[in-house]
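As given in TrEMBL:
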| type | residues | note |
| --- | --- | --- |
| DOMAIN | 26-477 | domain 'Major facilitator superfamily (MFS) profile' |
| TRANSMEM | 19-39 | transmembrane segment |
| TRANSMEM | 82-100 | transmembrane segment |
| TRANSMEM | 112-132 | transmembrane segment |
| TRANSMEM | 171-189 | transmembrane segment |
| TRANSMEM | 201-222 | transmembrane segment |
| TRANSMEM | 284-308 | transmembrane segment |
| TRANSMEM | 320-342 | transmembrane segment |
| TRANSMEM | 349-373 | transmembrane segment |
| TRANSMEM | 385-405 | transmembrane segment |
| TRANSMEM | 426-446 | transmembrane segment |
| TRANSMEM | 452-473 | transmembrane segment |
Ligand code: BGC
């Protein structure tokens with residue numbers, strides 16, 4: 001491969017072992033951590049459009065919507081900052097929490113972080129469901145955010161460490177799969193509770209306790225990863241665990257690589273300072289840019305505001321909620337596609353194909369909206385054109401769901417050496433949460449001011465990120481996670497940042513294998 005690849009995927013070193021039912025079950029349980037993330041993404045948009053909720057907590061917003069003349073531009077009719085702040089504030093809390101999670105995950109293990117995440121989220125869900133004033137609502141939101149910060153920091157790392165290299169992509173994407181199931185479940189719940197005469201919002205918010213319970217109870221029974229056990233000096237336990245998850249007593253090679261990686265890791269007292277060293281530049285740059293780009297695909301415009309967007313396109317209330325359910329379903333199924341192909345075709349093929357497909361749809365939707373609403377924002381979609389827009393949005397969601405959705409969590413979790421893994425993952429979570437916040441907060445204003453140009457704006461970013469992947473993101477499939485430096489070393493651009501001794505470990509063990 002001329003650019004980006006550098007090392008052929010097949011070069012991944014093979015350890016002994018097989019895929020055991022034990023590791024599959026552990027990964028499935030851990031992946032439920034994605035449920036709480038997804039449920040929250042999907043639930044807030046619907047709740048904030050329920051009249052009773054608005055009357056109770058945001059009466060001014062309610063009055064404004066009721067008294068709207070109906071003559072304003074289609075582009076601007078939903079602009080409101082207070083309300084978007086309710087949705088997006090959670091992501092700020094998650095951002096801050098992910099830094100605390102980093103220390104917890106490193107010192108006490110991935111499992112503890114998952115348990116903390118689940119429990120705090122549970123308390124948040126109870127507070128929200130029982131809310132009698134705005135304070136309870138906001139404190140609840142903050143606790144939900146803390147839970148998500150902890151879960152998203154620890155679950156992807158847990159999955160990447162437990163999984164055997166050749167199945168790492170598929171097992172890690174279990175997290176994204178759970179996220180999409182959470183979003184879809186929330187869409188359905190909202191569809192149901194919107195029909196309730198009273199307290200529909202309360203039921204929607206309180207039901208978040210369910211995924212939190214599943215995750216918390218699951219985490220209590222999970223074993224910790226061998227990597228983390230070694231990192232915390234429990235070598236014997238780590239070896240036993242490795243034998244158990246790989247289904248063979250013969251884990252010598254993998255175990256000794258883990259021990260070597262941990263020895264390097266032990267020398268690092270300040271992971272945050274260390275990650276700034278030049279030899280970690282490829283990881284640092286990629287871990288900052290991937291979550292940024294993931295959010296600049298514009299996906300959360302659909303996830304948060306699908307009903308609003310479809311209403312803007314002229315769909316009736318019910319049809320709008322239903323359309324959100326349809327995109328939710330597409331999201332789940334397309335994620336499954338990526339589980340099947342990610343370890344076979346690799347990450348790069350998915351990134352590149354997904355990028356091109358998203359770009360084509362964004363241009364299509366932009367042109368369609370421009371031709372109907374123009375710059376003035378007055379007009380209405382015919383049924384046929386409305387359905388065409390819905391179809392394009394579904395094709396866009398599918399592309400995201402097999403590329404940037406799962407890979408945005410997979411790639412950052414598999415590229416860091418042990419000594420900076422927790423810190424790197426916190427950067428990933430916090431950048432992701434920050435831009436989720438920004439998009440959540442600004443989308444309705446951007447739609448109001450940029451009009452159909454908004455779709456071209458996100459399209460421009462998708463073009464840029466696709467080019468970035470082509471040149472700067474190497475293939476990581478099948479490469480053992482503690483051997484990843486070989487990938488960077490072989491890369492046309494990043495190679496110069498990796499000192500020779502950083503790949504010495506792998507030379508030593510390959511010699512030993514031969
Ligand atoms: C992203 C979320 C997004 C979700 C959609 C995740 O990977 O981080 O922001 O809402 O995918 O499925």
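For all residues, glycine too, the Cβ spot is worked out from N, Cα and C.
Tallying C-beta pairs under 8 angstroms between the transmembrane segment (284-308) and each of 112-132, 349-373, 385-405, 426-446, 452-473 places 426-446 first. At the 8 Å Cβ threshold, with sequence separation of at least 6, the transmembrane segment (452-473) comes into contact with the transmembrane segment (349-373) through 3 or more pairs. Only pairs six or more apart in sequence are counted, and the transmembrane segment (426-446) with the transmembrane segment (82-100) gives three or more Cβ pairs under 8 Å, enough to call it a contact. Per-residue pLDDT, averaged along the domain 'Major facilitator superfamily (MFS) profile' (26-477), amounts to 90 for this model.
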